[in-house]
Amino acid sequence: MSKILIRGAKVLGGEPQDVLIDGGTIAEVGSGLSAEGAEVVEAEGKVLLPGLVDLHTHLREPGREDSETVLTGTRAAASGGYTTVFAMANTFPVADTAGVVEQVWRLGKEHGYCDVQPIGAVTVGLEGRKLAELGAMHESAAGVTVFSDDGKCVHDAVIMRRALEYVKAFGGVVAQHAQEPRLTEGAEMNEGIVSAELGLGGWPAVAEESIIARDVLLADHVGSRVHICHLSTAGSVEIVRWAKSRGIAVTAEVTPHHLLLTDELVRTYNPVYKVNPPLRTERDVMALREALADGTIDIVATDHAPHPHEDKDCEWAAAAMGMVGLETALSVVQETMVDTGLLDWAGVADRMSVKPAQIGQATGHGRPVSAGEPANLTLVDTAYRGLVEPAGFASRSRNTPYEGRELPGRVTHTWLRGKATLVDGKLT
Amino acid sequence: MQRHLISAADLTRDDAVLILDTAEEMARVADRPIKKLPTLRGRTIVNLFFEDSTRTRISFEAAEKRLSADVINFTAKGSSVSKGESLKDTAQTLEAMGVDAVVIRHGASGAPYRLANSGWIDAVVVNAGDGTHQHPTQALLDAFTMRRRLIGPDAGLGQDLEGKRITLVGDVLHSRVARSNVDLLHTLGAEVTLVAPPTLLPVGIETWPCEVSYDLDSTLTKSDAVMMLRVQRERMNAAFFPTEREYSRRYGLDGDRMARMPEHAIVMHPGPMVRGMEITAEVADSDRCTVVEQVANGVSIRMAVLYLLLGGNEPAVTHPRTEEK
């Protein structure tokens, strides 16, 4: 593999430096590095980050290849600056056996746009009744370490307790989709002022918060760590903050859309804003931003959830829940966290690469940008501003809530172990 | 007036009074031997009903026929919808047949809004009830009934309901009638009080332009009109209240309670009534109960709405609310 010299990039937003990639590794970081024998990428003014890691992606394959495949999803990931995605288990069939997780893992390897780390289901068929063969999935070629019934909550307290305990044997972590099922029967949007007016079924914040409260206490009791998916309310932030102050091993993620959008948008009844957990209020958004800045929330995860056009081009009740997010995540984080002064680029690297790689044990990802490290890198033109145009997405689906919205930042290059997957904004 | 009628909240005071005044004219047609106007001759209206509602459908149909429109009735049962056709495709199919207006009843809140604002069709959309969201023609016919009874058919012309005290009792949580009435009555200057057990009031109601009470008896004496909302028996099984009898005792309207209302006050109900639950037979059959009048007024109101939306008599009022950004 040839040499690449990234010239004059602001590494983690700091002073301009040159970064020399040789093969799959960062060979040297410094000033005035020789370009001899290397392909040069002029990066003046751009920010260089470790390749982003998404702990929460729906790749839809197997089963819903009409909305996304491992290939199209990983191409979307590379476009968004990601070098690793964790693929959620709610496929058809469900990724609850070694066979399914190996299939997804192999497809990721074959396509080569980013590393694909399958997440295994906690329970058979995501039904919440019987533990899936967690050990077998861990021991498979896919080496699963993160388990989640995402899309559904592991609501049975005993099953959740057992899962938390069981995965300790091989250092796994359970990622909980916190949603008390009885409190969210018929739920269509955040329960509050807007739902009362629109006559849509309410999804109360307490349905999320009560499960998080239970699960941090369970994790404490059995001495396990627990990860909370897509935390969406100010109350959830308070509970996680309390748990961390007690030394409980909890980590939490927030999605880009929960950092930017509120339930006021639902007034349009446009299902592009229908998502689970739902868009909340301005107060929640501000609490989530603050929590991400102060580290209460550890990471940003996209919950990239592709759906075909017909599943959104309909009335609200009939529409599928979810939004694509891989290709807009970094822009939304820049808009909500960096341009607001809440987080610097080193902080972004931490929340979108270092920490998610640690939680998911993605070896070789989320590493420092320094000599000897794997060359998993993302180059961002942070001065760019432009309108989001879904027609240009690499994802097979277009269900973005940001169509026509102006957002800052554009990923121009992505390297996976020294191999460019994105060059000048174009997939290789 | 806007192009469509989706929500009572979209109507200005002047829009609403214009509709009520127009309905008075339409009501006079009903008193003639031949109850028909040529106004919408050659125009086609489809009644697109995804939810069973014989009463509302027949009311619209009567209004449309009295205005000489061509009427197509479409019910979801046994149609392509039951075979999985989407709302969009159904609507586009109907529009391709040259429909000028779509009167839609749908179980999903917001379905008429989507139909009017998604660029699927160009026809005028009239909401005939969507989920637990809105039922604007019901609110208009209720306001019309109040104005006729509390002010008078002739004296009421040009008037709103300023200062009238209106109480709505029952399942507000699941009621599109309550939402529409709160919006419209507030616009018309009335003072609205909602009475229900706390379980049947939505979280978030605090921003609504009305008062909320859990106590029926204390509000009855201060009401010019009391509207009883239907309470479906199945709510009992979802723990909204303990038993039918307890609901009835605390929130039902019987003869004793009616006797405590002011002399001039009327009892209303959007129908269908559940006798013995929210209203006793004694009240339902009394002279103070306007339920049958409301049905007759519904036809006049729907004639007025269709006439104003399709007849071209459009004051240049625009409202941003139903226009998608």
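Just so it is clear, glycine is given a Cβ too, placed from its N, Cα and C backbone atoms.
Together with B:Arg55, B:Thr56, B:His135, B:Gln138, B:Gly271, B:Pro272, the carbamoyl phosphate site in TrEMBL holds one more listed residue from B:Arg28, B:Arg105, B:Arg233, B:Arg235, which is B:Arg105. Its Cβ taken as reference, B:Pro272 (carbamoyl phosphate binding site) is surrounded by 11 other Cβ atoms within 10 Å in the chains shown. Proximity to B:Arg176 (L-aspartate binding site), defined by a C-alpha to C-alpha distance within 10 angstroms, is shown by the following binding-site residues from B:Arg55, B:His135, B:Gln138, B:Gly271, B:Pro272: B:His135, B:Gln138.
Under 8 angstroms separates the C-beta of B:Arg176 from a C-beta of chain A, among the binding-site residues B:Thr56, B:Arg176, B:Arg230, B:Gly271, B:Pro272.
The distance from the Cα of B:Arg55 (carbamoyl phosphate binding site) to the Cα of B:Arg230 (L-aspartate binding site) comes to 15 Å. B:Gln138 (carbamoyl phosphate binding site) falls within a helical segment according to DSSP. Those residues noted as binding carbamoyl phosphate (B:Arg55, B:Thr56, B:Arg105, B:His135, B:Gln138, B:Gly271, B:Pro272) have their most widely separated CA atoms at a distance of 16 Å.
The Cβ of B:Thr56 (carbamoyl phosphate binding site) lies under 8 Å from the Cβ of B:Phe49, B:Arg105, B:Ala128, B:Gly129, B:Gln138, B:Gly298, each on the same chain and at least six residues away in sequence.
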